[in-house]
Amino acid sequence: MAALLPPPKRQKIYHGVPEPEPEPIKPSPNVVVQFVNEHDGTPIAPAVNLPANVARESLEALVNQLRTKEDDDHVPFAFHVALPEDAAKPDPPTRIVISKSIEADILNHPSNSFSEENILVVRCAPQSVFKVRPATRCSSTLSGHSSPILCASFSPTGALLATGSGDTHVRLWDLNTEMPSHTLIGHAGWVLCVEWDPMERKLASGGHDGHVRLWDPKTGKPIGDAMKGHSKWVTSLAWEPVHINASAPRLASSSKDGTVRVWSTSTRKLEYALGGHTASVNVVKWGGGGKGGKGVLYTASSDRTVRVWDAQGGKQLMILKDHAHWVTTLALNTDFVLRTGPFDHTAKRAVSDEQAQSLALKRYETLVSRTPELLISGSDDHTLFLWSLFSSESGGGGKSKPLSRLTGHQRQVSHVAFSPDGRWAASAGWDSAVRLWDCSGNLGKFVATLRGHVGAVYRLAWSADSRMVVSASKDATVKIWDLKTYKLKADLPGHTDEVYCVDFVADKVVSGGRDRTIKM
C-alpha cells in the first residue's frame with residue numbers, strides 16, 4: 001500500500017486576511033567613524049568605515065585592535081557622541097551613549113542630529129577593568145542605634161563599617177557577617193562625623209560636644225582620651241594621605257567655631273590651629289597636592305570662602321572668594337584614592353609602612369598624571385565651582401580663578417562627589433535632582449540630570465568602578481543610577497523616614513537615616 005501523504009497545510013488566516021509577507025531585513029548603512037580619546041580629543045586611529053549595526057562589544061574589540069599601544073591588556077571602553085547644542089530644548093542632555101549599536105543609538109536618535117553622511121566622532125573613555133554588581137535587594141536591616149544615624153563610612157578595605165548617631169555612640173559593623181562588632185561609647189553629644197584612617201588602623205569620630213576621639217577598630221576601645229580644643233561642634237574630619245605620611249598620619253578637624261585644628265594622632269596633641277575663617281567651617285579636605293607634594297588642606301566655610309592651607313606649617317596659601325553664599329561641600333578628584341590609600345581592587349595588603357606609602361603614592365600619581373588635583377566646591381548659592389589650584393601650568397604655585405562655574409541646580413547644593421577615576425562629578429541638591437558633570441579635560445561640562453527623587457537629595461556615593469552613582473534622599477529612598485543611560489538602575493526602598501547617609505563599597509550599599517536602622 002502506498003504511503004499516505006499528510007494533508008496539505010492549511011494556510012493560516014489572521015481574521016480572514018492571509019499572512020503578510022515577512023519583511024525583508026533592512027540593509028544597514030555604512031558610516032565613517034572617527035574614534036577619538038575622550039580625555040584630550042586626539043584620534044586613536046584613522047577614520048574607519050563600518051556597518052552601522054556593529055554591536056557595542058564589537059566596537060570595543062575594534063578599538064582595542066586599533067590602539068597602537070604595546071600593552072596587551074584588553075581595556076573596556078565606553079563610547080559616546082557629543083550632541084550639537086540645541087537651544088530650543090531647556091536643559092538637554094549633552095551626549096548620546098552608545099549602548100547597543102551606532103545605528104540603534106545614534107542614527108535613530110529622536111533628535112535626528114546625525115545621518116550616515118556625517119563623519120561620526122565617537123569619543124572613547126577607558127573604563128575600570130573590574131565591574132561592580134548593582135545592589136538590588138536589602139540583605140540585612142541592622143538596628144541598634146537609638147536615635148537617627150547621621151554618618152556612615154566604610155573602612156578602606158570594605159571589611160568594616162562605622163556609623164555615628166544622635167545617641168552619642170559610634171557603632172562598628174562587620175560586613176562579612178553583617179552583624180554589629182563593637183559599640184564605641186565616649187562622646188557626650190551627637191556623633192556628627194566618622195572617618196577611617198586610610199591604613200584602617202584607627203577610626204576618628206567628631207561630635208556635637210566639640211571633642212575628637214580616636215578608636216581602635218579591632219578592640220573597640222578608645223585610644224587615649226578625647227582631643228579637646230574646639231569650642232563648638234565638629235563638622236568634619238580629614239586624615240593625612242598615606243603617601244605623605246604612612247606611619248603616623250595626622251588628623252584635621254573643622255568646627256562650627258570657625259577654626260580647623262590639626263592633631264598629631266600618636267601623641268594626641270594639637271599641632272596647630274588654623275584661624276582666619278569668620279564663620280563656621282563646614283568641611284575640611286586633606287589633599288595630596290601642593291608644592292613639593294607635601295599636602296594641602298582645603299577648608300570651606302559659611303563666610304562664603306574656600307581657603308587653601310599648606311599642611312606642613314599651616315600657612316594660608318589662597319582664599320577663593322567666588323561663592324555668594326555659604327560653602328557647604330567640597331570634593332577632590334583624588335578623594336577615593338586618598339581614602340583607600342594602599343588598598344585597591346586586587347585586595348593585596350602592604351607588609352610595611354614604606355611599602356604602603358609607595359603603593360599609595362603610585363595610585364595617587366597614576367590619577368594625577370591624567371588630571372591634576374581638582375577641587376569642586378558647592379554652595380547654598382545653587383552653584384558649584386571647579387578649581388585646578390596646583391596644575392603644572394601655574395608652575396606648582398596657585399591660580400585662584402575657577403576653571404568653570406557649574407550652574408543648573410534650582411536650590412542649594414547639598415553634596416558633591418567625584419567618581420573614583422576622577423573623570424566625573426555628581427552633585428546633589430535640595431531641588432531633588434542629581435546632576436552629572438564631566439571633569440576630564442578640566443571642563444566641568446554638564447552631562448545629564450538624574451531625576452526620580454521627590455525630596456531633597458542629601459548624600460551621594462560612587463561605585464568603585466565609576467559606573468554607578470547612588471543617592472540618599474529625604475523621600476526615604478536610596479536610588480542607584482546607571483551612567484550608560486542616565487536612568488534609574490535600581491530603587492532601594494525600605495527606609496521609613498529620611499535617609500541621611502549612604503556609602504558604597506564593592507557590591508554593598510549601606511544607608512542609614514532618621515528611622516534609626518542601617519540597611520545593606
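The backbone N, Cα and C atoms fix where each Cβ goes, and this holds for glycine too.
Whatever TrEMBL says is automated annotation, not expert-curated.
According to TrEMBL, the feature domain 'NLE' maps to 31-81.
According to DSSP, the region 'Disordered' (1-26) comprises 0 helix, 4 strand, 22 coil. What TrEMBL lists as region 'Disordered' is 1-26.
Sorting the repeat 'WD' (142-183) by DSSP state (H, G, I as helix; E, B as strand; all else coil) yields 0 helix, 24 strand, 18 coil. Taken from TrEMBL, the feature repeat 'WD' covers 142-183 (among others).
Looking only at the repeat 'WD' (184-225), the predicted model's pLDDT averages out at 86. Residues or ranges marked as repeat 'WD' by TrEMBL: 184-225 (among others).
Taken from TrEMBL, the feature repeat 'WD' covers 227-273 (among others).
As annotated by TrEMBL, repeat 'WD' applies to 274-319 (among others).
Under the heading repeat 'WD', TrEMBL lists 406-438 (among others). Taking Cβ pairs closer than 8 Å, the repeat 'WD' (406-438) reaches residues 91, 125, 128, 325, 328-337, 367, 370-371, 374, 376-380, 382-386, 444-451, 453-466, 469, 471, 473, 475, 481, 483, 486 in its own chain, all 6 or more past its ends.
Annotation source TrEMBL lists repeat 'WD' at 450-491 (among others).
If you look up TrEMBL, you'll see 492-520 (among others) marked as repeat 'WD'. With helix defined as DSSP H, G or I and strand as E or B, the repeat 'WD' (492-520) counts 0 helix, 16 strand, 13 coil.
Per-class residue totals from DSSP over the domain 'NLE' (31-81), listed helix then strand then coil: 11 helix, 18 strand, 22 coil. Cβ atoms under 8 Å from those of the repeat 'WD' (184-225) belong to residues 147, 150-157, 159-160, 162-166, 168-172, 231-239, 241-242, 246, 249, 251, 253, 255, 257, 261, 263, 265, 268, 338-343, 356, 360 of the same chain, restricted to positions at least 6 beyond its ends.
Non-local neighbours of the repeat 'WD' (142-183) in the same chain are 189-196, 198-200, 203, 205, 207, 215, 217, 219-220, 339-341, 343, 347, 500-506, 508, 510-520; each lies 6+ residues outside the stretch with a CB under 8 Å from one of its CB atoms. Sorting the repeat 'WD' (184-225) by DSSP state (H, G, I as helix; E, B as strand; all else coil) yields 0 helix, 20 strand, 22 coil.
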